[in-house]
Amino acid sequence: MNKKIPKAILSDNERLKVASNFLRGTIAQDLQDNITGGFKGDNIQLIRFHGMYQQDDRDLRVERTCQKLEPLINMMLRCRLPGGIITPQQWLGIDSFATKHTLYGSIRLTTRQTFQFHGVLKPNLKNMHKLLHSLGLDSIATAGDMNRNVLCTSNPVESVLHQQVCNYAKMISEHFLPKTRAYAEIWLDGEKTETTEQEPILGANYLPRKFKISIVVPPLNDVDLHANDLNFIAISNLGQLVGFNVLVGGGLAMTHNDKSTYPRTASELGYISVVDTIKIAEAVITTQRDLGDRSNRKHAKTKYTIERVGVEFFKKEVEVRAGIKFKHIRPYSFTERGDRFGWVQGIDNQWHLTLFIENGRIIDDSHRKLKTGMLEIARIHQGDFRITANQNIIIAGVEKKHKATIELLARQYGLINNNITLQRKASMACVAFPTCPLAMAEAERFLPQFVTKVENIMSRHGLGQEKIILRVTGCPNGCGRAMLAEIGLVGKTIGRYNLYLGGDSIGTRIPRIYRENLTEEEILSIINDTTGRWARERQPDESYGDYVVRAGIIRPVINSALDFHN
């Protein structure tokens, strides 16, 4: 087994990172270029490290080409928001910016437990970053080869424990921020210094690929821990955080028709005391920094490093670097995932209202005024908001005397709708068209009508009060987490998807491809057949994903490196 990085020519991303002068590149010069609406050359990649992606409106490409115009280039910004916690005052600020300075006028909640602005034109970029800074926010390292936004269970019911794990999410996020002053210099007009910069943890060429961390509090796997490179499973005693089980090597991205790529669930390393959290996290990240493949970006994620060097080798390397020995994994189990909708009361007697936001898109339309509703709530709310990893939002910390007012506003603006089915609440999609340049098929715009058709099928089979974890993603990169769904659709081309079946309801089993390149009609026919059988043949409390495996409709994925593509 080769435990060293294979000798090969480094990918071009490695060159541009080293040549970027600690992520500066010539971004500042491109900002002054009024000839084009976008960035050029290496800067297209470098702005990702500052939390932005260069995109264009794909709906308008043909029209603008006919008009001999460049594409409608704009930027998507993803905010750094560890644990998804945002104050009402911050919300008021981002609402105002989205309304006045974005092409689409929306706030998009994401599976990384934060929000995104879509459709920001280049002249508005500096003002956007300055606004975030004035609100105590930033977008540092929410994209690029960095530690991304840190996820944390959105469970304010266990108030003390939740606050403790959220504090660790913030500590981890801060600890692994890049030390370069490039962000402040470029976007905040910070003073340029002549000092020699260093990146003691990330290194001058940063990480081989993006790196994702989650903290989860059992029994609710609301963050889909197996989608992340590094996971901390909270272990408590008498309601107090005492330590974490550590899992590494999860990840969902793959490439169509490339059998060397695959999704993977995370592997257990062991248990650590809570005081060792940062040391272990740093040891894991530096191990991946040094052992990750920098020649082939398709194999650069931690999951491939683990497969190449082996779990035990990786574990021992982490122990040596941290000076800490892992203990045996403490018992834990997951019983559900997703979000707990409606009102719940925490042990501190505060109330928390979880709102379903379909596909995370907060916008006013002809049917509902979700954005106005959130704005009105933010104007009076005295607690905070918690964005969830399932693209929903919690109105947290509501005193009993304010419950009625909050609920009235939520109902008035369509943020609460008693007609939303369990199936719709269990369905999720990535953004895809028109802004994502990687999308091969529709996802967010496709899902609502598709779910309606699935709801009708389930009602016909007497399953109207049941749910199936359903995910749609426009490409195989995994943003919609279809590779942890019971039914996963992955875009192949316009109007066609690969269909995956057999994930479980708690997010611990990867589904397997059932049919390739299907139309919506063909997918619905399969869902009709399999849910009909599920309704007739299921065992008590047996989920759809478990049923299709037990019934032999699909074989379970046991070791994705070996059998995912079989």
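Sequential numbering from 1, following the chain as shown.
For all residues, glycine too, the Cβ spot is worked out from N, Cα and C.
Taking a C-beta cut-off of under 8 Å and a sequence gap of six or more, C475 ([4Fe-4S] cluster binding site) has these contacts in its own chain: A432, C436, L438, A439, M440, A441, V490, G491. As annotated by Swiss-Prot, [4Fe-4S] cluster binding site applies to C430, C436, C475, C479, with the evidence given as sequence analysis.
Annotation note: C479 ([4Fe-4S] cluster binding site) sits in a coil segment as assigned by DSSP. Annotation source Swiss-Prot lists siroheme binding site at C479, citing sequence analysis.
Sequence-distant contacts (6 or more apart, same chain, Cβ under 8 Å) of C430 ([4Fe-4S] cluster binding site) comprise T111, C436, A439, A443, E444, V472, T473, G474, C479, G480.
Of all the Cβ atoms in the protein chains shown, 23 others lie within 10 Å of the Cβ of C479 ([4Fe-4S] cluster binding site). The 10 Å shell around the Cβ of C436 ([4Fe-4S] cluster binding site) contains 21 further Cβ atoms across the protein chains shown.
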